[in-house]
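The next block holds one structure in the form of structure tokens; read it before the comments.
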Amino acid sequence: MPGTNLTREEARQRATLLTVDSYEIDLDLTGAQEGGTYRSVTTVRFDVAEGGGESFIDLVAPTVHEVTLNGDALDTAEVFQDSRIALPGLLPGRNILRVVADCAYTNTGEGLHRFVDPVDDQAYLYTQFEVPDARRVFASFEQPDLKATFQFTVKAPEGWTVISNSPTPEPKDNVWEFEPTPRISSYVTALIVGPYHSVHSVYEKDGQSVPLGIYCRPSLAEHLDADAIFEVTRQGFDWFQEKFDYAYPFKKYDQLFVPEFNAGAMENAGAVTIRDQYVFRSKVTDAAYEVRAATILHELAHMWFGDLVTMEWWNDLWLNESFATYAEAACQAAAPGSKWPHSWTTFANQMKTWAYRQDQLPSTHPIMADISDLDDVLVNFDGITYAKGASVLKQLVAYVGEEAFFKGVQAYFKRHAFGNTRLSDLLGALEETSGRDLKTWSKAWLETAGINVLRPEIETDADGVITSFAIRQEAPALPAGAKGEPTLRPHRIAIGAYDLDGAGKLVRGDRVELDVDGELTAVPQLVGKARPAVLLLNDDDLSYAKVRLDEQSLAVVTEHLGDFTESLPRALCWASAWDMTRDAELATRDYLALVLSGIGKESDIGVVQSLHRQVKLAIDQYAAPTAREALLTRWTEATLAHLRAAEAGSDHQLAWARAFAATARTPEQLDLLDALLDGTQTIEGLAVDTELRWAFVQRLAAVGRFGGSEIAAEYERDKTAAGERHAATARAARPTEAAKAEAWESVVESDKLPNAVQEAVIAGFVQTDQRELLAAYTERYFEALKDVWASRSHEMAQQIAVGLYPAVQVSQDTLDRTDAWLASAEPNAALRRLVSESRSGIERALRAQAADAAAAE
């Protein structure tokens, strides 16, 4: 990326020299409907350490008109370059800087994003500043430890709404003058501007009153279930304020559902932005509502952990995200009135799976990553930073005890409110409340990479009584290219003993909790007891480790996986089977057989939908190529059978309809999709609504049944932003050279597409059953990649680098071509990481394909 980086050392030096007091930011957005640029005027007051010196402030702008430092005009041609304005001759004590610039609206989801809704032709704006993009809107010292107050003044078109971190004032002559914020970091400031629809309420408890707002575009207003969102929000307020013993720290709490958002949501202080796909236009399963609720709670937790108390530098990003990820699940599991008390099942099913995958890539890194610059942090929003970190926090809670954990957190908030911290500050507070020395624990869990494997070693006598039980811990070699050494870690785990009852259900009859440390840990608590049908290590999912079953337990689970009475042990066994498949320990054909034998009894809809995705991935990537079509046929026939057998109108019925649409292939199956679309056939209870229609259309386009005219006709039914994206996916999915060339040109050779449409085109372009058609693009990908990375914003370049990598071409040739590019292209560290991660997927797929082929012999 050209000239826009910032190193940790530069940030450290700047923080040593400067203390920032306040920003006054004046933006003229009256031309937002037309786009282009807008006037940005920033006044910053800051103090300089004794002796004075020189520094710089960050700004990304097409034009800088004025830079005035302490009343002296600086030559903009001399001081402004790339993303920095040099500040020479700083005086000890108070300095005042004024910068006048023209900043640009974006369509990449970075900085001030501008979107025009095709329904009403109105522009909608919102900011996204994490990590370094406040500098795209106003001149800022773009690092988290230079906190300040921020006072925004915004001029906007008449009839629009302007939302920021502070309560929204009454406009005067279409000018909104907000009161200053508390001291916060620049990356959690925000502006959301446009003719948004809103619903308002108040959170009230024990004399506290916090205004609540929910916003979306008017074209989504009919779908906005504000009452449900407010309900989850209030539960979060109740639970977090009790657990944290610290009142919500801002004056109001708005949640704004915004278009073309790159992430799930963003924790702007008091003004959380959330992707508007969470305003559901069509029927979704309860799993989607659970994920939305988790997102709401995640961002609310950040108001304390991240906004009130903020990391000093981005190497502690993991603590921000891990804590919020842990807190969302803990709140859903324990908050009174929660609709998702099984949230730890979802955590095991989704977050842990993400973490285990990320931790086995060549880019694996310690949870506490070494973040040397902005390029490092931009690719570090990964499964280790979020999911492994949250898993390890769950382990820490088990290790120190829940009461001690939250007492430590309470002390941490009180001690560091509106300040910046390091990991040692939190660990110190937890050591005080728990009495445990956490230095050794931290070194093993936070400062090393990789994942352990836990295996049971069991001996029984002739009567089936356990005579010896131990847990063997392994530390597999780290992936090639990863830094560090394999590490054995201390684990606090539970062991569950399960037997079949008279109804054929697997019921837990005993539970042992213990510390596992070193290579072999004896478990005397189980010696002398009758051997149960299943012994499950890491029951209750307290620790972070791969778990393997002993031979007898595996045999019982293979036959009775769906018979566990509780969802969490089922999820743990499903996860173990999937992990074994990815590790080439279980053949894809055997994994499919296991899923087909147990999925019909799986009640957790989130687990069912994960199994759908995993089976498709396994067949597409991990099956022996000669067996792939037969396995796809078997799976698709099963999806149709389950669709027809599912309870009418149920979540399971909808999930099976989507799974069927994803792989429908025979003329009869495709005829059924077509007939469900035009209404000549129906399945009782199945509403073929807008989103399901698009799933059917996209599949019919991908197999060549539908062309441009059918896609255009469907778009006429749904002339919305979502419809535009779905149509783009369908057009790119068509199995023709012309369709692929058009899609490729629009993404790689042009930079005109907005972020969400580019993502949609990439999703359609890559079809796993179009390998031959896509083969020619392997070489074109490598030829274009460096130029794309150099010329696009980070978000847009990453979409292309990851999304268009030839992952469907599972072959040694793809590995060789990737290696040749890595050796010759000299990519920077961030791009090298992304390509190396994709390469790792090819290696894993080749191993799994070999294992599947061997199982057929």
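The backbone N, Cα and C atoms fix where each Cβ goes, glycine too.
Computed from a predicted structure; not experimentally measured.
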Of GLU242, GLU260, GLU321, residue recorded by Swiss-Prot at the Zn(2+) site of HIS298, HIS302 | GLU321
Which of these, GLU130, GLU142, GLU158, GLU402, does Swiss-Prot say binds substrate at the same site as GLY264, ALA265, MET266, GLU267, ASN268?
-> GLU130
Find, among the binding-site residues listed as ALA265, MET266, the one whose Cβ has the highest number of other Cβ atoms within 10 Å in the structure shown.
-> MET266
In DSSP terms, helix, strand or coil for ASN268 (substrate binding site)?
-> coil
Residues GLU130, GLY264, ALA265, MET266, GLU267, ASN268 [recorded substrate binders]: greatest CA to CA distance in Å | 13
C-alpha of ALA265 (substrate binding site) to C-alpha of GLU321 (Zn(2+) binding site): distance in Å?
-> 12
Listed in sequence order, the recorded positions within 10 angstroms (C-alpha to C-alpha) of TYR386 (site 'Transition state stabilizer') out of MET266, GLU299, GLU321 are GLU321
Around the recorded substrate site, report the further residues of that chain (criterion: Cβ within 8 Å of the mean position of the Cβ atoms of GLU130, GLY264, ALA265, MET266, GLU267, ASN268; site residues excluded), sequence-ordered.
-> GLN128, ALA263, VAL272, THR273, ILE274, GLU299, HIS302
Remaining residues near the recorded Zn(2+) site, that is with C-beta within 8 Å of the centroid of the site residues HIS298, HIS302, GLU321 = GLU267, GLU299, ALA301, PHE305, GLY306, ASN320, PHE323, ALA324, THR325, ALA327, GLU328
